[in-house]
Amino acid sequence: MDSDDLGISKIADKLLNEIEGSLRLILRESDDSFDDGEEMKEYNKFTKSIEQFQPLPQLLDSRLRNFINRVIQSYTNNCLYDGHDENQQLSIRIAKVFYQFSKVRGTKPVSNCLSSDISLIGYVLRRIESADAWEEHFFLLMWLSVLILAPFPLVKLDPMLPENIYQLGFRYLRTGGKERDAASILMARFLSRVDNYRYLDCFISEYFNSISWNLESNVMIKMGMLSTVNRLLKVTTLDQLRNHLDMIFLLISNLLNEDRRGLPSSILRLFIKILGKLSLFFLKQERYDSIEDILTHLLHLLSHNDTVIRYCVAKQISKIGQHLDPDSRNVILEALVQLLGISHLSKGFQDNLDINSETIDIQSYHGVLLTLGEFCRLRLMTTEWISITSSVVHRTLFVEQHRLTYSAGSNVRDASCFDCWSIFKKYHDSELPIIAVVTLFKDLMLSSCFDGDLMIRRAASATLQELIGRHGDRLFLQLSIPTDSISRYKVRLIEILDYTVLGHTQKSYQLPIQIYSELDELLYSEFMKYLLESGIKNYNYSLRKLSAQCLRRMAQISDRSDVNVIIDGLRTELLETSAEGLMYSIAELLTLLPSNSVDLSLYSSILSNFTFDFHRDGFHKGEEYLHLLRGLVKRFSLEPTLFELETVFNIIRCDREEIISEFVRLASVLNDIPEKYANKWLYYVRNGNLASAKALGYSSIMTLKNSEVLGLLHKNQLDAKLRSSLVDSISIFLQRGGNLNGHQEELIDQLDDYTVTNKGDVGSFIRLSAIDMISTNRRYFWDESSINLRMQIEKKLLRLACEVMDNVKLAAFSLLTELKGWKLQQQIDQSVLLHNPEQYFILLLKIYDANYLQDEECSTEFWKGFSFSGGSSQAVDLTINAAVYAFLRSWEELADTQKCSLLGIILSLLRASKIHHKNPRFVKMQTSCLNFVCNLLELNLQVPPEFDLKVLFVRTYNLTLGTSKISRLSVAIRTLTNLYLRDENTFKGCKGRLEWLGEKHHSEKVKAMALEGLKEIEFEQNK
Amino acid sequence: MGLLSIIRKQKLKEKEVRVLMLGLDNSGKTTIVKSLLHKDIKEISPTMGFNIDTISYKGFNMNIWDIGGQSSLRTFWFNYFEKTDFLVWVIDSSSLQRLSENFKEFDKVLKEDRLAGCGLLILINKIDVYQGDTEKLKEAVINTLQLQKLENHCWNLLCCSAYSGKNLTKGMDWIVDEYERKYYII
């Protein structure tokens, strides 16, 4: 049951009550006055409610008749009769309500609820003529289709009535919309009446001949005609249709013979349904030749490209089979199996049918398997045919056809599961050959665990539930499971093949291990065989890897497998075929062998024959090589040759995460790197190769060439990701006992990297790596003897803890807390920063007030960071508000002297700097800081009277000099305006500067902003 | 056209009803199924595993999933609840001291999302050997299982005997009627 089904099941009663309420208003059932707008609103509510029934429309049934009766009642009371013309909006709305019911529940069940008061026929006919909306036409045609079922000749009501209905029905059959569906129901019911045989003759003879058909170019009309005939065949007797059957059949037959593949699916589907029904009429006439012709057509269509057509054909063929005698049924089955083109098919179960996944016609197989499944579901097969079907399915459960970028065949596997499900559900133990049961059980277990498609894994497990639940006792006895263990096997197997677990490929590949340990090695050899023969060489790269890992674990848990023998086999196969996946599997299995127990010469030809073309080969080929090489180096002391190193450096040119991680692991076990490759390694780093940068920390190159590596950190032209990887590598080098004494400050400076590219603040990668490096190498960086170093780190972390980026902020704050040993009362994590950032800033400011308020150096760094959170254009409103409000709270708790000194520090950041004025980070910091201060002023920050705010005016003034940056000037204008409004005497100069900017600045935008500021001043003064 | 969607489509058309038999151990679930299938009920050992049986009744195919009631299996029940139409909860009238245990398990099972909207038939089994007032017994079960508070589930409670067959067909009738009421009135 999917989530939609679950949802509607839970709320169906509530929704039905809502619909009930809505209808009361829409259908004007109360005496209240009516408001068109309100009714429209209620209608929209109604559609929302009813649409929720789409997944399980049957849940409407308990109230459907009542709803439709009320629809009819309201329409009759308000719209049907002459003089109801003023209710046009209402009539359309009622019709729409009816259409909504039909759309969700289907036309047939809804039409069955319509009333059959024949006295209304005339009114309904007249109303159809005058109505404009298609919904109303649809509703009235449907209603008319019920009204005309009157049990006496229609001419008795009105001599012209049959003619009028026929013409009306015909008119609407020609339309393209939903009215056509209603018209076809009306026509079918009309033509099925015995008193209308004349019209039936006319309908069939005029339109069901090749000339009329070919003259008619409109597909809609053709569909209208065909759906009428399709419905007609359902409701009429053989006697009524006897004279027309051939005509219909001939037309369809000719059209199928002419251009079967060129017909649109919508037409073809109706052809198939009609052919299915015709065959039942022919059966009554014992016209077996015609049935054979129909079957021939259907069998041809079984390989159609459209799945819907294939399924439709499967249903019709099985329906025909249901009405035939067993011998004829077997003939159909033989014809079906012939379509599969299998040679040497015998009557018993065969486990070695010659079915080549790569060459079969997928559509044809799918169609045939669906039909076989339908035959099983309807219990139309003999034991002999069950054996044949089982033999086919035993092979098709694993069909996969490889195309250039994907593999086809999941529909064939799906249909194979359907066949098995039908067999196990519908046949008793005594009807099923035990060998087929056992074989299919094993196959389905493999599919459940190893199929790459989630739906197939679940389909296979659903099938296994039926198999185990219905035939479990017999199956497990056959598998020699002790009688007293059978129940346990049944339960545990179904438990293990859990619906949710099967939803994850990785988890489902772990299931064989669980089965092995919990169910006494059940199917161990089958799992191993599958993994070795197919799994580890799977077309799909990730499945291959998962298979290799599963193989290793399976070999590890059991002493039934000789790992050496398996490896020997795989190695031989690798040398012969070079199949992808084998090298990876060998590498996985080698980890199970004792160290240095392998004859390395056996691998020399594998390694030396390997070539890798960076431009052509897939990354997985290289990944496998690196995986194997690492295994051999690590556990069996292989020393890579120059050729092998060359290959490695060729492979790592692939910028893939998988290659990078394999190379990193390889680097950790490589002891000596020849000078040539050490240089090559650094050359790669210099040229932006991520794998080589990430792996450097594990290599001896770091010891030999550390100054060169450190030099690379300062090369700003190198990609930030690469530099961050280098920082990571240095961190690893230090962790592994590397010595970089004297370089601490140089490394700590990485906390100040603010590289910005078109990808944004990429310097954050480096800052994060640097935080991580300090965190994991505390003894190196947080040395008690070096107070200066600790001071530097503390200052920088303090700044970073106030910054805009959450991950940097959190990492810096956490590290600082640990280094300082602060005991916090509340835990700060990602969710606090996301949902309650103000809480974080309050805590931060408390820490600041308690520890750093008097420390000018630390304070300066702190406010540098805080300015970004409180005023950066990059920060989101949530962060800015949180920082500013937290500041205002903390401000209230400070004494005036503290406020003065704090404000002094903040404003000192706005001081012009000859050294930094071209540094983009400094420029940004000043703009953010000014914005932060401006935000505070606008929130009416209470500045102690002894603090001279003129400093702010002067610095703001200076910040407007020689710049055309709109962001900075706009904040400066806001600040100048605010200062002037605070005290126009003290800040007279502000207005002067605004006037200058408004008149003389070269940017029109700045001029406009300044004038806006002046206008605000004027407005406030005039208040 | 996936297998799972085919199963769903056919289920309604062919009047296939999925019934899950649950209840504490030794409540008589398997005996009820065997009795309905007219099989020998004299010797039935406790169900440790699970079995599926199909009973054709009034044109319906009832697929009954009988799952062992031993306490070790209780967590396992939740794996089966896909497209379950009815849950038959069997209570042993000869061990009423386990009623509260019944409630705990019953409540746990009903909280399972995949059972939303399914019908509930509570069968008080072994009524042929019950000595007390059956009406009072029913009331006690209704109160203990808090059936009156149930939302989204239609429910019925019957006293029955798997041994004598008493009320078993009545239970089946209720299932069929409810199913028709829900899906087949049109």
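Backbone N, Cα and C atoms are what each Cβ position is placed from, and that goes for glycine too.
Annotated features in TrEMBL:
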- B:Gly23, B:Leu24, B:Asp25, B:Asn26, B:Ser27, B:Gly28, B:Lys29, B:Thr30, B:Gly69, B:Asn125, B:Lys126, B:Ile127, B:Asp128: GTP binding site (BINDING)
- B:Thr30, B:Thr47: Mg(2+) binding site (BINDING)
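Cα of B:Thr30 (Mg(2+) binding site) to Cα of B:Asp128 (GTP binding site): a distance of 17 Å. Minimal Cβ crowding within 10 Å, among the binding-site residues B:Asp25, B:Asp128, is found at B:Asp128. Residue density at B:Ser27 (GTP binding site): 26 other Cβ atoms are found within 10 A of its Cβ, drawing on all protein chains shown. Its Cβ taken as reference, B:Lys126 (GTP binding site) is surrounded by 22 other Cβ atoms within 10 Å in the chains shown.
DSSP assigns B:Ser27 (GTP binding site) to coil in the three-state reduction, placing it in neither a helix nor a strand.
In three-state terms derived from DSSP, B:Lys126 (GTP binding site) belongs to neither a helical nor a strand segment and is classed as coil.
Once Cβ contacts within 10 Å are tallied over all protein chains shown, the binding-site residues B:Gly23, B:Lys29, B:Thr30 are led by B:Lys29.
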